[in-house]
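Below is one structure; the comments refer to it alone.
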């Protein structure tokens, strides 16, 4: 009995058909790159201070001293959320008293920003923060906005696979791209923070669903060798391209509504792809729609200038292949023994903390010294060599050592930021980018590593559970950034410490490189970290390794 890959082997590996599918599906990921990180600019918080209305009769000296000072990063700056009581200083101004000379400012009564705020417009002309005053008592709404987006991502990751299994890869791919583009457009007309946030969560659902289904469609259509490149470098690199495009849009469009409109329009260019991207023949076969599947393969053969054999698919053979039953498993199987439970708990921690590091570094760009647009571009650019490095390392070296190594690298350089003098801002930025490089490399290896640890029976469930843990990490990450408002170095100290910690834990995983993949839970129980013994090694065709999604989204 032949499998699907053997049936379509006559198409070749890298013909015009495969190249077209590779680049079109990868290109469909570009909007995910800039929509996923758009909150950096849509919800940017500029410098702000209490508004002192022009109608208040104050002398120029009292107007200049109407805001108390505080020490921030070693320098005196106006407070963002307090001002001196206007009635009091207006009375002093009318009496001709001078601040600091006739009146001790430290003894003056203070009040909150009763008349609103004035915002610095050097970086952002407007954001959702400036429009709805998400500062001071309401500053908690900003990280919550980002967290709820990732809650949408978490929900979308639940339903995307089930929808594509039921309705088909192609239909769900374009439906979810429409959801992402359509609701992003509706966000432009948000009248309050609540409306914006609900719509943003729906955009998150559409984004991850589009991403996952595009990945599934590519891995099912492309041949074995191309499948590896597509799943490791294709979607990752094009995601990074979208990430790098974001600051270019934001630099020239400083108003959040116009920026959102500009980020929405590229989604319309995906509409013509409907006529070029076919349905997955594998899915059609699973639905017993053999004639449609054969028609797609015939067109692919024609595009590749290959004469297809008559009767490509044998319905009886494929029906026999699809009727193979698998033993039912439940989530408790991931905790059946102490060894399996330990591996599962460590894997959940590894995914969650690595996700926290990746997203916290990505979202913390506005808090870096220097130009926020350049820093965001560099943050996206550094992902490209990180993905290539991860791909090369996975091909040649033991998994747990390379993952632990890049985590030590990423966490270590983040911890070094606290010893860099404030005058050397470029050094701090360089260390942040090196930390992002290490954590991104680690993140991109986790899917492959996790899939190789578990037997076939529970592999998808294990990857799903640990991937869910990474979504939880992304929901938590905005609050690491939020801590930067209290101390600029605190997020880096926490991220660096947790990344080094999880790097140490990674060393206790069993090694999967060059080892026969377990086929059942009993075989997995024999795997032990650091246990010296005879291991069954095989000449593993890397193209037969589990194919899994290896980017943050």
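Including glycine, each Cβ sits where the backbone N, Cα and C put it.
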Answer yes or no as to whether Swiss-Prot lists residue 10 and residue 423 within the same topological domain, that is, on the same side of the membrane.
no
In Swiss-Prot, which of the ranges 107-127, 233-253, 296-316 has the transmembrane segment annotation?
233-253
Correct range for transmembrane segment (source Swiss-Prot, candidates 80-100, 374-394):
374-394
Can you tell which of 221, 222 has the least company, meaning the fewest other C-beta atoms within 10 angstroms of its C-beta, among these binding-site residues?
222
For the transmembrane segment (233-253), name the stretch out of 21-41, 172-192, 374-394, 429-449, 463-483 with the most CB-CB pairs under 8 Å.
21-41
Taking the Cβ of each of the recorded positions and counting other Cβ atoms inside 10 Å, which one has the highest number: 57, 91, 218, 219, 220?
218
Where residue 219 (ATP binding site) and residue 91 (N-linked glycosylation site) are concerned, what is their Cα separation in Å, rounded?
74
Residue, out of the recorded positions 64, 223, 225, whose Cβ gathers the largest set of other Cβ atoms within 10 Å:
223
Considering only the glycosylation sites 57, 64, 91, which residue has the minimal Cα-Cα separation from residue 224 (ATP binding site)?
64
